[in-house]
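Colleague: Before I ask anything, let me first share the structure, which is written out below as structure tokens.
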Amino acid sequence: MASSRVVLILSISMVLLSSVAIAATDYIVGDDKGWTVDFDYTQWAQDKVFRVGDNLVFNYDPSRHNVFKVNGTLFQSCTFPPKNEALSTGKDIIQLKTEGRKWYVCGVADHCSARQMKLVITVLAEGAPAPSPPPSSDAHSVVSSLFGVVMAIMVAIAVIFA
């Protein structure tokens, strides 16, 4: 009877923990600098693992900047869609709904072409493994490490009480 109770508790715990491990992450583009000119967004993005369901949060002064979602060709040439397609609230949240490459630029003056205000990321499927492990400070790393430790403890408890 006690062993079936342990198995039930372990099963419920695994379900709850697996939902925590796949929780969406909000990425503040540029961290504390936000969406601004003269910032290296390539370097900012390189150690992050973006997954379907995550959100990009663009924080900026709406009187000075905007955000356009563009394709790779428009990204390379810093060409923009019509102005009415710009995101311009100053706190734009973009949910990453599909996997693949995503491109974002600022459409104000020369911010994209001369001031490097552009971002390209690769979005992975929800359960896809990361191409390489991110640094330990990354949100996904912390959750994954915690999940691994908790799972090891639960397996050890199950073996002891089985």
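Easy rule for this one: first residue shown is 1, then count along the chain.
Each residue, glycine too, has its Cβ placed from N, Cα and C.
Annotation comment: Swiss-Prot describes 25-125 as domain 'Phytocyanin'. Marked as N-linked glycosylation site by Swiss-Prot on the basis of sequence analysis: N71. The disulfide bond annotation in Swiss-Prot covers C78-C112. The feature transmembrane segment is assigned by Swiss-Prot to 142-162.
Where in this structure would I find these features, and how exposed are they?
Modeller: Per-residue pLDDT, averaged across the domain 'Phytocyanin' (25-125), gives 98.
In the three-state DSSP assignment, the secondary structure recorded for N71 (N-linked glycosylation site) is coil. For N71 (N-linked glycosylation site), the same-chain residues 6+ apart in sequence whose C-beta sits under 8 angstroms from its C-beta are W103.
C78 (disulfide bond) carries neither a helix nor a strand DSSP state and counts as coil. C78 (disulfide bond) has a Cβ environment of 18 other Cβ atoms inside 10 Å.
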Colleague: If you draw a 10 Å sphere on the Cβ of C112 (disulfide bond), how many other Cβ atoms land inside?
Modeller: 23
